[in-house]
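> Can you read through this structure? Questions will come right after.
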Amino acid sequence: MLAFAARTVVKPLGLLKPSSLMKVSGRFKAHQDALPRLPVPPLQQSLDHYLKALQPIVSEEEWAHTKQLVDEFQTSGGVGERLQKGLERRAKKMENWLSEWWLKTAYLQFRQPVVIYSSPGVLLPKQDFMDLQGQLRFAAKLIEGVLDFKSMIDNETLPVEFLGGQPLCMNQYYQILSSCRVPGLKQDSVVNFLKSKKPPTHITVVHNYQFFELDVYHSDGTPLTSDQIFVQLEKIWNSSLQSNKEPVGILTSNHRNSWAKAYSSLIKDKVNRESVNSIQKSIFTVCLDKQVPRVSDDVYRSHVAGQMLHGGGSKFNSGNRWFDKTLQFIVAEDGSCGMVYEHAAAEGPPIVALVDHVMEYTKKPELVRSPMVPLPMPKKLRFNITPEIKNDIEKAKQNISIMIQDLDIMMLVFHHFGKDFPKSQKLSPDAFIQIALQLAYYRIYGQACATYESASLRMFHLGRTDTIRSASTDSLAFVKGMDDPKVPEQQRVELLRKAVQAHRAYTDRAIRGEAFDRHLLGLKLQAIEDLVSMPDIFMDTSYAIAMHFNLSTSQVPAKTDCVMSFGPVVPDGYGICYNPMEAHINFSVSAYNSCAETNAARMAHYLEKALLDMRTLLQNHPRAKL
């Protein structure tokens, strides 16, 4: 239920250039230690905000009932006060009172497959190659680019990011390389080898469902050049031509409990265990995909976004993955490329910073051809497939096929304007887009719904995310007034501006640690830890409605013309991600086909219309020049 974790909004960040590229030992620790600790907000403040957030999404009777429960919860000396004190004690003892709980509840205890339900896919711009040579050359350059970024992490010279003048926690950058999720029966874990005594020097390459260990550093510690990597990729490609191999990787796409059982039988065999260890330890994974069926240009982006998110099923590339791996870059022969990442380790922005760096790097011309030195043959990772494992693979194939058939995903490139228009109106582009989403949803369904937009808590040490609730009394007043003929246009403009400003104010509160969602989660988990009976406010209908996010959304801004995508977090909801560029906006919209009420193409259409109608409204009523 908590897979909504992920979706992180961060405004474009200012970067501090490192003063030198020498190893700055201890610089990372000093930076991290100086960050403020995540506060526990005052109890009454969070409960007031909770009641306010319920108004647009529950009935008056439900709200009145919840108000009673909230009043009981916060009586002097009552259960709320006791739990609040417990949280405050926890905050004094820990580096971050939330991060460990959040990692467990949002990710590691989440039992649905990571594919679609948790791990975001990233669709990158189509490259201009159309053959094997081009595919391998680009993959080699991409690998070189990631290693270039890794050197900044290793040397602690990564530019510190800022948000609103405040330095941000950089810890997630140290979690995304040489790391992997490991399935467990009730709870998964994450292993990270970046800081181990002997950090890994290899990556994993997958082709035709076959896994290889490719060393990307020479014995003297210098990285291979893209020319040298290209030669190694050719060797891998040539030694994995047979396409009838069992797709062991598809096991990682299954329900976490099923995968945990299959995993324990898989690694009983020493050969398998060593192969799995190699994948888990590798710096990252590169998937050399086979071409997908040709489709018309207008559905191409949606089709390829699916490849990045889930691999297209067992007949295509879903077996050409190890979905537990934190970073998997995907390069196909037809020029399509992207990535998929396992969400437990990090939110979108650090991933996007890496992607931006790598995509810039791939455009650099090769100035000198590097000398061709003899390089060892990349090591093929062997798997011994027992009948039991073969059976597990068959089940995983069937399951992913059902999941993919159920996913309705639509890419929309909104060409009419980008960040430029809201900025010209002195409005926040993110808030403008969120209010357009509210308008689109209201026009389809005639009501508001619980809406999740992630806010970054990286101003705080080890901060992850909190929730911006985009459905507000102000947004509801606007969406009702927008199509009401009795409301004059000038008043609609005022309602629109008020709604956008209210969203902006909520965002500012959230990034300063003053939103209520994670606080309520903390109180609930504190109750479980203290073995007290679950307080009534968490057993209430309003709470269930508030946590049923029909719109799960995320702004993930990038310099690269790309977009992230993920599945809805509820069966009757939408997953919406967007990257606002200067003059256009990239959207991905997902829904489930099994829900008759939701439809990704219809939502995309209504979203486009909402954005255009809001622009027209503002253009017809220009603000007086001050």
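Using N, Cα and C of the backbone, Cβ positions are placed for all residues, glycine too.
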> The CoA site in Swiss-Prot lists K419, K423, S424, Q425, K426, L427, S428, P429, D430, S456, R504. Which one of Q398, Q526, Q555 belongs there according to the record?
Q555
> Compare the Cα of Y452 ((R)-carnitine binding site) against each of the recorded positions K93, K419, S428, R504 and report the nearest.
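Going through K93, K419, S428, R504 one by one, the Cα closest to that of Y452 ((R)-carnitine binding site) is R504.
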> Using all protein chains shown, find which of the binding-site residues S454, T465 scores highest when you count other CB atoms within 10 A of its CB.
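Most Cβ neighbours within 10 Å: T465.
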> Expressed to the nearest Å, what is the distance separating K426 (CoA binding site) and S454 ((R)-carnitine binding site) at their Cα atoms?
23
> Looking only at C-alpha atoms, tell me how far S428 (CoA binding site) is from K93 (N6-succinyllysine), rounded to the nearest Å.
38
> Can you tell me the CA-to-CA distance separating S454 ((R)-carnitine binding site) and D430 (CoA binding site), as a whole number of Å?
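Given the Cα positions, S454 ((R)-carnitine binding site) is 12 Å from D430 (CoA binding site).
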> With K419 (CoA binding site) as the reference Cα, tell me which of the recorded positions K93, K261, H343 is the closest one.
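Ranked by Cα distance from K419 (CoA binding site), first place goes to H343.
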